[in-house]
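Below: one structure, written as structure tokens.
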Amino acid sequence: MQAEDRSQFGSAAEMLSEQTAALGTGWESMNVQLDGAEPQVERGSQEERPWRTVPGPLEHLCCDLEEEPQSLQEKAQSAPWVPAIPQEGNTGDWEMAAALLAAGSQGLVTIKDVSLCFSQEEWRSLDPSQTDFYGEYVMQENCGIVVSLRFPIPKLDMLSQLEGGEEQWVPDPQDLEERDILRVTYTGDGSEHEGDTPELEAEPPRMLSSVSEDTVLWNPEHDESWDSMPSSSRGMLLGPPFLQEDSFSNLLCSTEMDSLLRPHTCPQCGKQFVWGSHLARHQQTHTGERPYSCLKCEKTFGRRHHLIRHQKTHLHDKTSRCSECGKNFRCNSHLASHQRVHAEGKSCKGQEVGESPGTRKRQRAPPVPKCHVCTECGKSFGRRHHLVRHWLTHTGEKPFQCPRCEKSFGRKHHLDRHLLTHQGQSPRNSWDRGTSVF
């Protein structure tokens, strides 16, 4: 069956090539020679369906509906497709038809080879579903046939690089400088505007390396029909997201503090403050208010940290007070030394007139009352331990005894001096050197 179809197609192609060589007036005569019985198609129907099959010897391939689906499918793939012949003649259309016939004479032409041979007006008239169907057949293996039909396909250099195993095409920065690069700005509502800001210049789109080698990536700069093509036929482009210069000003306005826009001003001196608490603290200097007071001494302060610093002075209460001058002291020993000063002052007041303080001998403080009295001799002492030590002289008791020679002593320092003799040291030398037995 396929051999018969090829022979029929070859005879039809030879006859059609001879007839096209003799044509010189219009496309109507060519339609009559191809099929004299075929009615002329209206202009409106040609725009709706730009492609149709060639009637004639291959007409039985699509008319036999009783055959098996598989055989019908094989016949449909082998059937040649030619463009609908327009009413008016055009030199470009003649060249496309001649190239199509030359390609068909070499072998069967499938729908995949010529599925994208549309003009720009015809491509725009297709539905999105049709453009998706035809667009996916723009492959590397079919580019040669499509180019032979003079269909404009960009990025032919990339196809040669793909065949040689080179990297995909990346735009040259020098070429991009010659082009008018749109500079867009972001207004916050999703709209784009042209601008002269060099920092926001859009970078040229680059192709992803993960795109298949059989897919031709289209660029809107080379074809006006880019807007009408579906997203699946446009290829994959990579570019940075567009920044908009107004977004920086909007971001700044949103982050500015309301207090900076409406500062707090002092009505008296005109000073401005960021925070209202700072203004309230400043106004205390004008009113003289002291809201912080000490609970112990009832002192008032204008700052809280001043009150905290003052409260540290109350941690150590000064209970020792001098009865003469009213001074407070933390220790009683300090009070006793202070009272000696008052005693010396009183003695100085009682000195004779004309006697200078330098010639006056220093007088001791008044003696401590001797309340501890010895019952044997009636001697009195100011300290109790002095009385105990004196009592030993009456009893003859010697409580301090040497552990080596069992000698006893009435005073402890006498025993310490005796122990130095057992060590071979002189008590005088040991005391001079400041050494001790223990």
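The backbone N, Cα and C atoms fix where each Cβ goes, glycine too.
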Candidate set Ser356, Ser426, residue annotated phosphoserine in Swiss-Prot: Ser426
Residue carrying phosphoserine as stated in Swiss-Prot, selected out of Ser45, Ser191: Ser191
Which range of 73-95, 165-187, 372-394 is zinc finger, per Swiss-Prot: 372-394
Range annotated as region 'Disordered' - as stated in Swiss-Prot, picked from 1-53, 107-159: 1-53
Rounded mean pLDDT for the residues that make up the zinc finger (292-314): 84
DSSP-assigned states of the zinc finger (292-314) in counts, ordered helix, strand, coil: 11 helix, 4 strand, 8 coil
Secondary structure tally of the zinc finger (320-342) (DSSP, helix then strand then coil): 11 helix, 4 strand, 8 coil
